[in-house]
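Okay, so here's the structure we're looking at.
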Amino acid sequence: MTFAAQVLTLYPEMFPGPLGHSLAGRALAEGRWSLDAIQIRDFATDRHRSVDDTPAGGGAGMVLRADVLASAVDHALERSPDAPIIAMTPRGVPLTQQRVRQLAAGPGVTILCGRFEGFDQRLFEARPIEEISIGDYVLSGGETGALVLLDACVRLLPDVMGASSSGDEESFENGLLEYPHYTRPQIWEGRAIPEVLRSGDHAKIRAWREAQAAEITRLRRPDLWERHGGTPDRSPSGARRKT
Ligand code: SAH
């Protein structure tokens with residue numbers, strides 16, 4: 001089964017962009033996923049092909065019209081009826097690795113990219129659209145957010161990543177940030193690779209990595225640590241994971 005991505009955008013030439021390279025690019029060329037960038041302007045109905053208008057109630061900027069965007073969404077729905085429809089918005093639910101996993105396991109995704117001040121609110125009332133944010137900052141358009149979402153999904157598709165196990169231990173997969181990595185040279189600028197990693201004792205190495213992951217998460221992301229089952233002011237060695 002091919003993961004089918006549709007992106008509704010005013011800038012289809014931005015795609016596949018970075019996703020045409022490296023792992024995602026190879027997977028795209030091999031047909032492990034497909035990408036259709038659809039021009040929203042093609043669904044405009046007036047002779048100026050307008051997609052936006054001034055905000056009701058006044059204020060700066062322009063707002064994407066509900067009627068034009070709904071036509072574009074309906075077109076995408078017809079072509080890919082089972083794919084969830086996601087609008088990129090800063091007000092959306094923050095994207096998580098868990099949601100990425102769910103999406104990657106499904107038939108694909110249809111992504112709506114905003115521009116200007118965003119979308120006419122009635123679009124979200126009239127169509128089954130999930131709003132997703134990629135973080136607490138403001139982008140100039142949804143396209144870079146769509147690239148982020150697709151990159152995160154595509155690397156999880158079967159046979160896309162070289163060593164398929166390398167996905168399991170990474171940051172967020174077990175609710176923690178990842179442990180630190182090292183590679184040759186053995187000593188660099190006077191700094192040695194931690195002794196335990198050269199011991200060949202795999203149980204000891206696993207224990208060290210688990211402790212490092214716990215400590216880094218506790219220090220850098222108390223929110224993740226707490227959700228994981230630790231308490232922010234307790235040492236990770238004394239804390240147990242919730243089951
Ligand atoms: N006026 C809006 C910002 C619009 S930014 C507000 O204050 O909330 C223009 C477009 O960029 C948005 O419609 C959205 O598609 C995209 N965008 C901006 N920041 C984003 C974020 N953090 N996550 C996802 N999409 C974002």
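Quick reminder: no glycine exception, Cβ is built from N, Cα and C everywhere.
Of the listed candidates (Gly114, Gly162), TrEMBL assigns Gly114 to the same S-adenosyl-L-methionine site as Ile134, Gly135, Asp136, Tyr137, Val138, Leu139.
A Cβ distance below 6 Å to any atom of ligand 1 is met, among the binding-site residues Gly114, Ile134, Gly135, Asp136, Val138, by Gly114, Ile134, Gly135, Val138. The binding-site residues Gly114, Gly135 differ in how many other CB atoms lie within 10 Å of their CB, and the one with the most is Gly114.
Ranking the binding-site residues Ile134, Val138, Leu139 by how many Cβ atoms sit within 10 Å of each one's Cβ puts Ile134 at the top.
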